[in-house]
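Per Swiss-Prot, the feature xanthine binding site maps to A:20, A:27, A:156; the stated evidence is sequence analysis. Residues or ranges marked as 5-phospho-alpha-D-ribose 1-diphosphate binding site by Swiss-Prot: A:128, A:129, A:130, A:131, A:132.
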């Protein structure tokens, strides 16, 4: 997705430890038209697959996921990192570790909203080690549902996440693939090649 | 907003202590088309006001806020309940207490994304005691920005939040106003009157 790739190159900031800061358009301040185009692109990839639900995790996954769900005209379900007082029934749950935050979250979705009849697209803002996407896939499997594909806004292709998802048999659609974050510079996959 | 009001009546579940559970379409599973209509309605209310930014708080505010921002073609900024490692610069911050969760969150927005030139619409999923909306208004004031209005998906009109926002001089647009949650039943404002 060219507009997204340009935006990552222009507005992404590389900070210490190979962390990419994209908080001007993705995970603090959000560009809604860019997110709409993200949703459209994921929709075009999986539109003939009978998708019934879009699954993500709070909070930064919600914007791209709701736009994807809008295009599919299906519900968007977001996994919660804490169990709210209003969630009084049975849940599917798993643990997801964030290396960036150095924190493990116990995430849940209500059993009411995911069933064996569901055909799910998983959406997340980042793919690095694959922890979040694999955790969401675990929830899909617990429900006996089918994961048709995983849509990622920004993939750090130099980390292990993509391969781990492929090894799990998942179809992965990444809209911006980052080859390296060296010397304060974002290099995209394929960039600079002849 | 009639479709929203119907949905709250039909799918809202009243649980102990006057808590309304709307997690089938608003704050766990989300109906994207309903959220789009929420955004459209808020847009129609403030479209001539020169809005430059939509402000909300993670996580349940993001879906209605991003749809509102999509209509306005302006950025959506969400206040964070924890300070991420990528947020290395100065922030505006305040404390917001949730009575439902019985928890006080320290919320922040980066100073880069809110300035005295901004004309802001604040969006949240619920208005009860007004803590979240007033906390967001506090952030807007710290930035010297202007709060043009507050858009609320579901207002509990029997609690003090609406009056507190009006007392602060804010314009409030609530799309579904709930008069009572007694005996397990949702009663809307104006419902049953001649």
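Heads up, the Cβ atoms here are built off N, Cα and C, so glycines get one too.
On a Cα basis, residue A:130 (5-phospho-alpha-D-ribose 1-diphosphate binding site) lies 16 Å away from residue A:20 (xanthine binding site).
Spanning the residues A:20, A:27, A:156 that the record associates with binding xanthine, the maximal Cα-Cα distance equals 16 Å. Separation of the C-alpha atoms of residue A:128 (5-phospho-alpha-D-ribose 1-diphosphate binding site) and residue A:156 (xanthine binding site): 5 Å, rounded to the nearest whole number.
Of the candidate binding-site residues, A:129, A:130, A:131, A:132, the one lying closest to residue A:27 (xanthine binding site) when CA atoms are compared is A:132.
Under DSSP, residue A:128 (5-phospho-alpha-D-ribose 1-diphosphate binding site) is assigned to coil, being neither helix nor strand in the three-state scheme. In sequence order, A:12, A:19, A:21, A:22, A:26, A:125, A:126, A:128, A:154, A:178 are the same-chain residues whose CB sits within 8 A of the CB centroid of A:20, A:27, A:156, the residues recorded for xanthine being left out.
Under the three-state DSSP scheme, residue A:156 (xanthine binding site) falls in the strand class. Cβ neighbour density within 10 Å is lowest for A:20 among the binding-site residues A:20, A:128, A:132.
Close to residue A:156 (xanthine binding site), meaning Cα to Cα within 10 A, are the following binding-site residues out of A:129, A:131, A:132: A:129. The DSSP secondary structure for residue A:27 (xanthine binding site) is coil.
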